[in-house]
Structures are given as C-alpha cells and as structure tokens.
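Trainee: According to TrEMBL, the record shows the following:
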DOMAIN    3-101  domain 'SRCR'
DISULFID  CYS72-CYS82  disulfide bond
DOMAIN    106-201  domain 'SRCR'
DISULFID  CYS170-CYS180  disulfide bond
Amino acid sequence: RGLRLAGGRSRCEGRVELEQEGTWGTVCDDGWDTPDADVVCRQLQCGHAVRAHGNAAFGRGHGPILRDEVGCEGHEQDLWQCQAELEHDCSHKEDAGVVCSEHQEWRLSGGRDGCAGRVEVFFRGTWSTVCNSTWYEMEATVLCRTLGCGDALQRPSFGHTLPGKMVYLCGSLQPSLAQCHWIFNKSAPCYQSWAAGVICNGTGS
C-alpha cells in the first residue's frame, strides 16, 4: 500500500496518490482538510501539513479514485487507517493535494525579472533568505537551473529582512538545492553574513 505525492515541485508537495493492489489512484477532496494532510506528510517523512488543497491543484490524476470523505483525526500513522468512504461521486477534477512543511521552493525577488534578485526560500510555511557564507558558483548554478534560468552570471549580496535564514552547501550539481546539504535557522553559519542573490544568464517570465 504505497503513498506518494505527484505533480509538485518536490517529493513533499503534490497530488495525493495511493497504491492498491498494484494500481495507483487518487483521493477525492470532499472533506479533505489539514488533519488528513498531516497524516500524509508524516507518513512521507515530510514534516507537517502547511496547506491542504482540493480541486486538482496539482493537476488531474489518473486511475481509480480510492478514497472519499477522508476523516483522519491527525494522529494516524498511515492514510489507510483513517475513516473514509470507498464509494464516491467524484471526478479527477476533485483530486486532493498537500504542501508539507519540508517542501522547499525558491524565488528571486527585487531583480529585473524572475531570473535575477535576492534568493528567497519557502520552507516550513514561511519565506526566508539564504546566507551567502557558502553561496558559491555551484549553489547559484543549481538554483538558476532549477528555476529554468540557465547558469549563474553574478552573485550580488543583499540585506536579510525575512524571518528565517537558510544555508546551502552543494558538493556537486544537484537537481535542486533541497538535495544539497542545508541548515535552517542555526545562527553560527550565518554569523555576519549577507543575504545571497544571483543573476542568471537566462530570462524569466
């Protein structure tokens, strides 16, 4: 009985998909709420739920709709343990989704477009800045490529004005910064650092 999130930007956000007897299916959003999403996030070791989405927010799934009117109390270890209806009157436009606290997404702010500016990361429900103490060519290039912005041209510095601070250290060109070594809200690596920025050689929409 597998569980996964599909259609998101990391393994910790997306459309909820369950496996039953070798077939993957989806969950209807009727009654879908934060306690239900919490169980999914915890089962996937993705922390807790930041958002519970309905209306196929991560695209429409395929296959059977395996659960409807899910009613988790929030403490269950597995989504299959929650009360639910097996019969449904749903279509895939009602597929349930979730964003978990361990999901990371990035944006560049204050630049000429989405491919230049101060690096900001959404993590554990809030936007934070990134420390430039370990913000080298490797880290900047990983981010530019993740954002579809080509490679890093420059790494300007900015002030920290957001509540949290993230540190990244990439030993190689990973698919995203989340797969590099990272530390969140520990003051030592960020001591007297500036907020990281990047100007990529591509242009964003």
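Here the Cβ of each residue, glycine as well, is placed from N, Cα and C on the backbone.
Can you walk me through where each of these features ends up in the structure?
Mentor: Sequence-distant neighbours of CYS72 (disulfide bond): residues of the same chain at least 6 apart with a C-beta under 8 Å from its C-beta are PRO35, ASP36, ASP38, VAL39, LEU79, GLN81, CYS82, GLN83.
Sequence-distant neighbours of CYS170 (disulfide bond): residues of the same chain at least 6 apart with a C-beta under 8 Å from its C-beta are MET138, GLU139, VAL142, LEU177, CYS180, HIS181.
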Trainee: Just to be sure I understand the packing, how many Cβ atoms besides its own are within 10 Å of the Cβ of CYS180 (disulfide bond)?
Mentor: 20
Trainee: Calculate the per-residue pLDDT averaged over the domain 'SRCR' (3-101) and state the result as an integer.
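Mentor: Overall, the domain 'SRCR' (3-101) comes to a mean pLDDT of 95.
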Trainee: According to DSSP, how is the domain 'SRCR' (106-201) divided among helix, strand and coil residues?
Mentor: 20 helix, 39 strand, 37 coil
Trainee: Within 10 Å of the Cβ of CYS82 (disulfide bond), how many other Cβ atoms can be counted across all chains shown?
Mentor: 17
